[in-house]
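The following features are taken from TrEMBL:
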type: TRANSMEM; residues: 63-81; note: transmembrane segment
type: TRANSMEM; residues: 117-134; note: transmembrane segment
type: TRANSMEM; residues: 168-189; note: transmembrane segment
type: TRANSMEM; residues: 196-213; note: transmembrane segment
type: DOMAIN; residues: 203-354; note: domain 'O-antigen ligase-related'
type: TRANSMEM; residues: 219-235; note: transmembrane segment
type: TRANSMEM; residues: 242-260; note: transmembrane segment
type: TRANSMEM; residues: 338-358; note: transmembrane segment
type: TRANSMEM; residues: 370-389; note: transmembrane segment
type: TRANSMEM; residues: 395-412; note: transmembrane segment
Amino acid sequence: MMKKLLWIEDSTGNQTSYYHLVLLLLSLPYDRFFSHLILISMTVHTIIQFNKKSVKPFFTLQNLLLQSVFFLTLFGTIYTANRPEAFKEWEKQISIFLIPVLFSMNSLDLKKYRNNLLILFSLSTTFAVLYLYSKALVTIQYYQFPLSALFTSAFTNHNFARPIEMHATFFSMQIALAIVFLISTVISIRELRSKIFYSICCIILAAGIVQLSSKSVSVALLLIINFAIPYFLLLNIRKVRFILLSVFLWIVLPTGVYQMDQFRERYVDDLKKDLSEASANELTDPRLARWEVAIKLAARSPFIGYGSGSEIELLGQRFYEKKFYRSFLYKLNSHNQYISFFIKTGITGLLIYLAVLFWGFKTSLIRRDLMLFCFIAIITAVSFSENFLDVDKGIFFYSVFFSLLIFSGSNPDKKAIEEKVI
């Protein structure tokens, strides 16, 4: 199996492009140095192998939508009061602009190798989860903690992901995408050995999701498994059986998780705190209270916002005035991608971002593309709780998978579009 995944019959240039893309996907859970280095190498290779005959159109609506977040940052730089921070955002988000260009210039048939790439990514993500569990178990053994310590705060959420120095939610996004792909693979293949192997990988990844305890990703994954997978992949009685089984599992799993103090605190108690009003007795500043401050700030410049790079400085002033000293000292952002666009580029930027998400959902439904739908659902959910487009790993997840899934998707004929269009 691995030989088929790692060795492809294609031209030397396309083989090199394929291996660059494989390495880029494999690097996503790890230090950003590797992702940046591979992207630079891929850019150089694509320029060297440039062939006019195989190039796809650059200036298309599709590419504009894929790159729109980067162009919003450029637009916000024109009138920002904090240009140095705006330029830092350029640097972070350059992959959002670059990857659609590279895919347009490259002759590699992404449709042909899509499954290979997603399988390798999913296996790599499974390995990363196993590595994190091994690190946790070694630590527990070294300090002679009881095995139950694995389910305490010392080994969950950000502490679990610390060995790979990755934000728990951003790693959960990758795991969720891998789980959905492997479930779809288990459903579609017939070979028993492969079904068992991929099912074991799904269990490992699901354990990783629980251990990382990302509420937004967990909710998105729950909805995808219960509704999207049956809609996209199953028919008639198989659909009913899958829904009944998944509903049963998603009743049993939360019940089991709720019995563990740490997970109950993370999934239930922390959610209540996030959605509560600010209180002088609390050491932390509830997320809802910070959202209220951020929205009031954005409403003072509603149409074009305050410009790129302005969010943290402006929010810091408001947090201090509201006595949210922890948020002020840690220089927290709004922790909401929608509000972040509202602050930086006003209602204009927010509507463009929402239009991109709508386009992604619509395209996934027209193509009946489960993975694209899953990706858009995940970033839509995470956008409610994180500024993931301000962080390197969130940006790479967005830029790599959005472009890959769009460029590798099947384009239905006009009749099919008319039948399936929303």
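Placed from the backbone N, Cα and C atoms, the Cβ positions cover glycine too.
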The transmembrane segment (219-235) in contact with the transmembrane segment (395-412), cutoff 8 A, at least 3 CB pairs, sep 6+: no
Overall pLDDT of the domain 'O-antigen ligase-related' (203-354), taken as the mean: 86
Long-range Cβ neighbours of the transmembrane segment (168-189) (under 8 Å; 6 or more residues past either end): 28-29, 118-119, 121-122, 125-126, 128-129, 157-158, 160-161, 195, 198-199, 201-202, 205-206, 208-209, 212-214, 216-218, 220-221, 224-225, 228-229, 232-234, 370-371, 374-375, 378-379, 382, 385-386, 388, 391, 393-394, 397, 401
